[in-house]
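Below is one structure. I have some questions about it.
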Amino acid sequence: MPFHVEGLVAIIVFYLAILFVGIWAAWKTKNSGSDGDRREAVIVGGRDIGLLVGGFTMTATWVGGGYINGTAEAVYVPGYGLAWAQAPIGYSLSLVVGGLFFAKPMRSKGYVTMLDPFQQIYGKRMGGLLFIPALMGEMFWAAAIFCALGATISVIIDIDVNISVIVSALIAIIYTLVGGLYSVAYTDVVQLFCIFLGLWISVPFAMSHPAVKNIGFTAAQKESWLGSIESLDIYSWLDNFFLLMLGGIPWQAYFQRVLSSSSATYAQVLSFLAGFGCLVMALPAILIGAIGASTDWNKTMYGLPDPTERKEADMILPIVLQYLCPVYISFFGLGAVSAAVMSSADSSILSASSMFARNIYQLSFRQNASDREIIWVMRITIFVFGAAATAMALLAKSVYGLWYLSSDLVYIIIFPQLLCVLFIKGTNTYGAIAGYLFGLLLRITGGEPYLYLQPLIFYPGYYLDNNHIYIQRFPFKTLAMLTSFFTNIAVSYLAKYLFESGSLPPKLDFLDAVVARYSQENMDKATLVKSDNIILNELALVNPRRSLTLNSTFTNKEAFSDVDSSPELSNAEDNLVTNTI
């Protein structure tokens, strides 16, 4: 394959443009932040992200390199096809469900990160435990898409994969380091435009190539790119679909956009706009996958065997751009893939550093840390997490397998905990830990083919694949999630009953979660919501109170209230909480 100087120049110009936009956004908003709170400006953009920029950045966060490459691959692979391209519908519904049920209570409470409600209700210990799967998800996701970008660049312009990964990561780290969410949001606008333009320009050229059959004709064939779902695979299909739809909600990258909105209503609207945007942005990737499945590769410079037999199906998108499009058009497509990767990687790096700086460093160890100190912690962790993701992309052999496992943990562990902490009244730290451990145990014992991890529990319908790995058809991931959810509730109310009835002495409440009178964990609530009206010692006394009705016992009605996030209402809520406690 010849080395393309023009392609290298094009990618350098593109990267410099992205870097310029990121630095410009940081300079333009350097004095932003409520009451001069620079850390809030970095993490949640001063809570003044508008609908246009917010819609672009939330869409771009999901429409990454894995989203585009993975959708094209699913449509292309024989035996799977469009029926198994679940990401577009799954993630779109994820954003809709998040907007309907989760955006409003999170934004109305004035939280800064996704982990804030967990630390408010369950304490800093549980917040630290939940940080682990959240961090794993963000880091492995960033590493996986850096891998995709390096391979794409190497296919189109034939430069070293490692160099392309390092340079791409460095650009994303620099502008994220300088401007935080502002830089990420404004660069997302440019990147999403590049994705849309680059892919749609490529589609007509690829479709008109002499080696490509009419995709409408190939769709009607027996093994078409439309695909099908066999009756034996329906439960596995549903398991993966629910994982995408519900497991796509509890990510800091999503809630960072929700919490940066100027109001709870705006947060909901942004979610709906992004859900629609994800569907639209998937269309060119679907068409490219269909084009790849409709191509006689023997009539192209790629030749035989085809990408499936060469085990390069995951690279079908850059292969189509390289061999079915003119050279200058393939460079536009390369810019699209590069933009997609960077728009997701910068969000993941910023999300991980935000959670660490606030929920681990500040709320767990340095509650009185200055604004400047937190900013520097964020800058250091942005660099550290970015370097770690880059190292994993360069060294790890099963990055995608690690990401699949970590995304499963987000679905199985964090999602049911988020349901409990927002909507179920009375859950406590004992239930949260029990749900965490049971969910983790059931997921690990179910096995993971990508990591060649054999299952310890064999559910109905399992079979042995060609690699001698047992595959589960049973929806054990959803079973693990539901088990984690109901375990949290059951153990929480059992602990509540045992302590409040006197069956267990208060001294055994070692987590200070039910009847402790002087709970350091509950004192952490004072720093979760910014207010000058809350005093630490006023939160020290904790008196248990039993609910009188079944409905009020199990349902947190505040999550469904119409309270918005205006400063007046926030102060009123804080005063009410202080006086009640």
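Note: Cβ is positioned from N, Cα and C throughout, glycine not excepted.
Keep in mind that TrEMBL annotations are predicted by a computer and have not been checked by a curator.
Computed from a predicted structure; not experimentally measured.
In case it helps, TrEMBL gives these features for our protein:
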- 6-27: transmembrane segment (TRANSMEM)
- 48-68: transmembrane segment (TRANSMEM)
- 80-103: transmembrane segment (TRANSMEM)
- 129-157: transmembrane segment (TRANSMEM)
- 163-182: transmembrane segment (TRANSMEM)
- 189-207: transmembrane segment (TRANSMEM)
- 234-254: transmembrane segment (TRANSMEM)
- 266-295: transmembrane segment (TRANSMEM)
- 315-341: transmembrane segment (TRANSMEM)
- 374-396: transmembrane segment (TRANSMEM)
- 402-424: transmembrane segment (TRANSMEM)
- 436-459: transmembrane segment (TRANSMEM)
- 562-581: region 'Disordered' (REGION)
Quick check: do the transmembrane segment (402-424) and the transmembrane segment (266-295) share at least 3 Cβ pairs under 8 Å, counting only pairs 6+ apart in sequence?
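Contact absent: fewer than 3 Cβ pairs fall under 8 Å.
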Relative to the transmembrane segment (234-254), which of 48-68, 80-103, 189-207, 266-295, 374-396 accounts for the most Cβ pairs at distances under 8 Å?
80-103
I'd like to know if the transmembrane segment (80-103) touches the transmembrane segment (48-68) in this structure, counting it as a touch only when three or more C-beta pairs sit under 8 Å and are separated by 6 or more positions.
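Yes, since the transmembrane segment (48-68) and the transmembrane segment (80-103) share at least 3 Cβ pairs closer than 8 Å, they count as touching.
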Any contact between the transmembrane segment (374-396) and the transmembrane segment (129-157), i.e. 3 or more CB pairs below 8 Å with pairs at least 6 residues apart?
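Contact criterion met.
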Let me check one thing: do the transmembrane segment (266-295) and the transmembrane segment (80-103) come into contact, meaning three or more Cβ pairs under 8 Å with sequence separation of at least 6?
yes
In the same chain, which residue numbers or ranges, 6 or more beyond the ends of the transmembrane segment (163-182), come under 8 angstroms Cβ to Cβ?
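Contacts of the transmembrane segment (163-182) (Cβ under 8 Å, skipping residues fewer than 6 from its ends): 15, 18-19, 21-23, 25-29, 32, 41-45, 49, 146-147, 149-150, 153-154, 256, 260, 338, 341-342, 345-346, 349-350, 378-379, 382-383, 386-387, 389-390, 393-394.
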